[in-house]
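Scroll down for the structure; my scribbles are underneath it.
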Amino acid sequence: MPKLNSTQAPNLFLLLLVILLCSTQTQCHTKGLRLRPRNQKNMNTTSDRTQNPEDEFMKWVRFVGSLKHSVFKAAKNKLFPSYTLTVHKKSNKGDFTKIQDAIDSLPLINFVRVVIKVHAGVYKEKVSIPPLKAFITIEGEGAEKTTVEWGDTAQTPDSKGNPMGTYNSASFAVNSPFFVAKNITFRNTTPVPLPGAVGKQAVALRVSADNAAFFGCRMLGAQDTLYDHLGRHYYKDCYIEGSVDFIFGNALSLYEGCHVHAIADKLGAVTAQGRSSVLEDTGFSFVKCKVTGTGVLYLGRAWGPFSRVVFAYTYMDNIILPRGWYNWGDPSREMTVFYGQYKCTGAGANYGGRVAWARELTDEEAKPFLSLTFIDGSEWIKL
């Protein structure tokens, strides 16, 4: 068997990393393999780059290689050095004035932990992180000081004049793995829609990749605020605000110490979890959270026939409907969903009026949902 020469080896190494980290055909993790939905649109990467991706990548690494930073496991970050970029409203005080410009400046294929520090201000822009630009951290000066916002809805025309749909309405879209956000607000400025309004889904944040973590962030919107789409995600000490189905998707996510706040005029719902098969290891777990707000709320609606949501050690205000859960108008889903409650408090936590197909969990039943093991967090999160 012929030996690889010195120029072939780096190419092969990069190719293997691309295949392992950035496959566009599946979303997988250690607990299962999930095919992408057929109707999911892939996000195209920048098409106007003409340099060899490896040359471009190594040039950038040499330029900033002396800077140091680490968020996730040191083993992964030892592959290449990491560095920091700054975004500031004033061009003479930062590297960039827009968050998207900072992201676009990175090499086409990125394996370096890049920390983008965003100074205080409201950044009115629509931001999307392409699938191959992994290991990005967005860090604000405080969730109440640093905001990125846009105002698209599912009805907003795209470049071809067609409605862009819920998926593309996101003000901020994460499509690459190992993303971290700290102390920043993601907002969709669309007002609360009238009951029964069509096409008013307006996503503030969409997370469509594995191994994403959010610390001290705010997600502000109305209908469909947080599209917790695919992958394993961790939300710590975050504030999430909306009206109807404002935490939805088919991710495997742990919400710890988060404040969930409803701004519904009348009837709303916190979650719409989309698990569609018993083989899918997805679901939402809320641990030591707080649910407050206006209107009256379901804890969740069965968007997927095997929808799975658990609330544990969570305070619930009196806005929670006694029934707690809604079957999406399909009684057959009552046999397949998994909706649980464990040692919750507050006027809205009274289990006496809950639907018969919800569960008051025992210690043993609740245990898998209470810690980072729910999302294999010890493998990829460094707190």
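The first residue you see is number 1, and the count goes up from there.
Cβ atoms here come from the backbone N, Cα and C positions, even for glycine.
Note that the coordinates shown come from a computational prediction; the quantities given were computed from them, not determined experimentally.
Sequence annotations record features per position, and here Swiss-Prot assigns active site, proton donor to Asp224. The feature active site, nucleophile is assigned by Swiss-Prot to Asp245, with sequence analysis given as support. Taken from Swiss-Prot, the feature substrate binding site applies to Thr166, Gln201, Arg301, Trp303, supported by similarity to another entry. The annotation N-linked glycosylation site is assigned in Swiss-Prot to Asn44, Asn183 on the grounds of sequence analysis. According to Swiss-Prot, the signal peptide annotation covers 1-28, on the basis of sequence analysis. According to Swiss-Prot, the site 'Transition state stabilizer' annotation covers Gln223.
Features as recorded by Swiss-Prot, highlighted on the structure.
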{"residue": "Thr166", "record": "substrate binding site", "DSSP class": "helix"}
{"residue": "Asn183", "record": "N-linked glycosylation site", "DSSP class": "coil"}
{"residue": "Gln201", "record": "substrate binding site", "DSSP class": "coil"}
{"residue": "Gln223", "record": "site 'Transition state stabilizer'", "DSSP class": "coil"}
{"residue": "Asp245", "record": "active site, nucleophile", "DSSP class": "strand"}
{"residue": "Arg301", "record": "substrate binding site", "DSSP class": "strand"}
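Looking only at Cα atoms, Thr166 (substrate binding site) sits nearest to Asp224 among the recorded positions Asn183, Asp224, Asp245.
On a Cα basis, Asn183 (N-linked glycosylation site) lies 29 Å away from Arg301 (substrate binding site). Other residues of the same chain near the substrate site, with their Cβ within 8 Å of the Cβ centroid of Thr166, Gln201, Arg301, Trp303, are Gln223, Asp224, Val244, Asp245, Phe248, Ala272. Considering only the recorded positions Asn183, Gln201, Trp303, the residue whose Cα is spatially closest to the Cα of Asp224 (active site, proton donor) is Gln201. Between Gln201 (substrate binding site) and Gln223 (site 'Transition state stabilizer'), the C-alpha separation comes to 5 Å. Within 10 Å of the C-beta of Arg301 (substrate binding site) there are 24 other C-beta atoms, taking all protein chains into account. Annotated pair Trp303 (substrate binding site) and Asn183 (N-linked glycosylation site), C-alpha to C-alpha distance, rounded: 30 Å.
Same-chain residues at least 6 positions away in sequence with a Cβ under 8 Å from that of Asn183 (N-linked glycosylation site) are, in sequence order, Glu139, Gly140, Glu141, Gly142, Ala143, Thr146, Phe215, Gly216, Cys217. Cβ neighbour density within 10 Å is lowest for Thr166 among the recorded positions Thr166, Gln201, Gln223. When the Cα atoms are compared, Gln223 (site 'Transition state stabilizer') and the residue listed as 'active site, nucleophile' turn out to be 6 Å apart.
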